[in-house]
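Now, the feature entries from TrEMBL:
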| type | residues | note |
| --- | --- | --- |
| DOMAIN | 12-331 | domain 'Adenosine deaminase' |
| BINDING | 17, 19, 197, 278 | Zn(2+) binding site |
| ACT_SITE | 200 | active site, proton donor |
| SITE | 221 | site 'Important for catalytic activity' |
| BINDING | 279 | substrate binding site |
Ligand code: HPA
Ligand SMILES: [Zn+2]
């Protein structure tokens, strides 16, 4: 029998919660800063990495937005995503649904076209060279106002054939989903799927709002939904997918330690939980490391890990036939691993 790491690497899996700006490794940040003639407020890769100590979501977001300032051209966005795809392939990812934050870039005068052209070129190359399929999720920054969100949806209009879904991220506390109910209705009318971060730091009611007022197809994080038994039962009954991010939860102090992570409780409660990396360059590990960390901390067996991988395809935006093909690949992998 293969060891745990080898088993996890070989397990076919989809990543459903990954911010491409959060995959910007310090080495690439320095290289892009040099290419763009941008000064960074850190003297070295080591100094930058040592600043990655967070006590909550906002601590992280401050440094994450600062880092994203090195991304300016389509080539920068391409290289960022190409680096992610290479890491994902090494972890057995065969499909990735990738979030990006256009407002982080358009607010600095970077045209929407630079962002989407660079990312979509990398997606096409990943499919051609690595066999990884992908979708793009355009996230709206919830600390900005509704009008800024509508302006972003308008900027995306020429590219809607390349964008699968709208998402909602950034500072959760004080920015409830209801703030974006009209924007999400408009995005839905344009044919976009809808996802939202909720219940990471925000209360269970924000998860209820994401369901009832945003019409989400998938819930990003959702940890705090467990505080409400009726809500948990509703999520389980409706087959809602939760994109859970164990190392992110640890680094942002959503949980006190990994051995207190609720991933196995989520599965026991009948929730369609998945494991994802969120912002791997900042949180200390890509998706394989997230599977491994939570498997060892919570004693997950191979059957549970396979359930998490199955859930990743069931919760994806792939068509039914493609999902069935990936599920069959997991079954045949289990016969040999
Ligand atoms: O974990 C997150 N939460 C909210 N916004 C984010 N933007 C990047 N990562 C995150
Ligand atoms: Zn996230």
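Glycine residues also receive a Cβ, built from the backbone N, Cα and C atoms like all the rest.
Checking the recorded positions 200, 221, 278, 279 against ligand 2, the ones whose Cβ sits under 6 Å from it are 278.
Note: the CA-CA distance between residue 17 (Zn(2+) binding site) and the residue listed as 'active site, proton donor' rounds to 13 Å. Taking the residue listed as 'active site, proton donor' as the reference point, the recorded positions whose C-alpha atoms are within 10 Å of its C-alpha, out of 19, 221, 278, 279, are 221. A straight line from the CA of residue 197 (Zn(2+) binding site) to the CA of residue 221 (site 'Important for catalytic activity') spans 6 Å. Non-local contacts of residue 221 (site 'Important for catalytic activity') by the CB criterion (under 8 A, 6+ apart in sequence, same chain) comprise 17, 197, 198, 199, 200, 242, 243, 244, 245, 249, 254. Taken as a whole, the domain 'Adenosine deaminase' (12-331) shows an average pLDDT of 98 in this prediction. With every protein chain in view, the residue among the recorded positions 200, 278, 279 whose Cβ has the most Cβ partners within 10 Å turns out to be 278.
With respect to their backbone Cα atoms, residue 19 (Zn(2+) binding site) and residue 279 (substrate binding site) stand 6 Å from each other. Of all Cβ atoms in the protein chains displayed, 27 besides its own lie within 10 Å of the Cβ of residue 19 (Zn(2+) binding site).
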